[in-house]
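Participant: Sharing a structure below in structure tokens format, with a few things to ask.
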Amino acid sequence: MQKLLQKITQGSLVKQIMVGLVAGIIVALVSPATASAVGLLGALFVGALKAVAPVLVLVLVMASIANHKHGQKTNIRPILFLYLLGTFAAALVAVVVSFMFPSNLALVAGNAEINPPGGIIEVLKGLLLSVVANPFQALISANYIGILAWAVGLGLALRHSSDTTKSLINDMSHAVTMVVRAVIRCAPLGIFGLVASTLAETGFGALWGYAQLLVVLIGCMLLVALVLNPLIVFWKIRRNPYPLVFACLRESGVTAFFTRSSAANIPVNMELCKKLNLNEDTYSVSIPLGATINMAGAAITITVLTLAAVHTLGIPVDVPTALLLSVVAAVCACGASGVAGGSLLLIPLACNMFGIPNDVAMQVVAVGFIIGVLQDSAETALNSSTDVLFTAAACQAEDQRLADEDPLKVR
């Protein structure tokens, strides 16, 4: 019994997740009622991840900054640049693919209760207000912009504290990390529950009517994940990027695909960064920051659905307007985490560029909700895995630079 438990707790998490995935599909096909019931396992897993993620971010960032040594480099600027570059490039890819394979929408009735933001200024205003949120409210509502602001502020203040205080913060950081590891070990059960309940309750029948749109959306995301991102990483590290790309997709992307939450996947990404032996001072800040602003998947969703509406309505689009749409989609995507409903509710902003009435834009949003089972999952997988990928690329590039300058220097 003890050997079995040891095998379960120390075995390959990826293999266990794949077993959970297959088991979930089988249960959903054999007994939909049972599959709906085991959905509780998925809900518990996602709930546990969402519960521990805000505390993890607060404590890790605070500990990292409080113990930061003067002159020690954190690489946040290069990572931030990669985040913004990746998001804009993803929107550009979506524009090109949408022109190559234009989609038509069978527009459905909009949801009257949906309230999208009124403009880009409103989105940016929401992000700025998130910075000055009450710290307890930020933790409760998982407002990661607010959590990061308070963690950075407290960390800077605690730099001047005694060694005992710094030691206490470090111990808290280790304690929270241990809790996170325990939660992540439950991933196979969580994935099993999520897959089984999703297939049993939703199914994929509703998706067939939007097959071409889904192919364009998922195709763009695969193109970004397997071609564009590797090119960016190669430019940064100057060696074969695919081992790193596949490691991030396998260990971060798979979990994010089923949890459908970048915030819930933060602990998974933190653990992967540790496994990749990255600088903790860097990833403890860049991963929660990425979960907030690194939104390549959201940029693709906004662009593809907007251009599908434009094509359906027969509105002509020139090259400068298409480029402007890429910029607008990238800016909107960076604000997607601050909007309830995420990328879908920012589609009316982009539609507004082409003079599309709000009621028609909301019908496009409704189409987005119909295909959300796959769209949201793929979008989150791309967003979250890219957080780790770009963090690792920046860290490895910096390590290589230091090694070239001083071959005897060991980080």
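Yeah, the Cβs are placed from backbone N, Cα and C, and that goes for glycine too.
Worth saying up front: this structure is predicted, and the values here are computed from it rather than measured.
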Participant: From 168-188, 189-209, which range did Swiss-Prot mark with transmembrane segment?
Facilitator: 189-209
Participant: Sort out for me which stretch, of 79-99, 138-158, 214-234, 295-315, has the most Cβ pairs below 8 angstroms to the transmembrane segment (41-61).
Facilitator: 138-158
Participant: Of the listed stretches 17-37, 79-99, 138-158, 295-315, which one has the most C-beta pairs under 8 A with the transmembrane segment (214-234)?
Facilitator: 79-99
Participant: Under 8 Å, at least three CB pairs between the transmembrane segment (295-315) and the transmembrane segment (79-99) (pairs 6 or more apart)?
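Facilitator: Contact criterion met.
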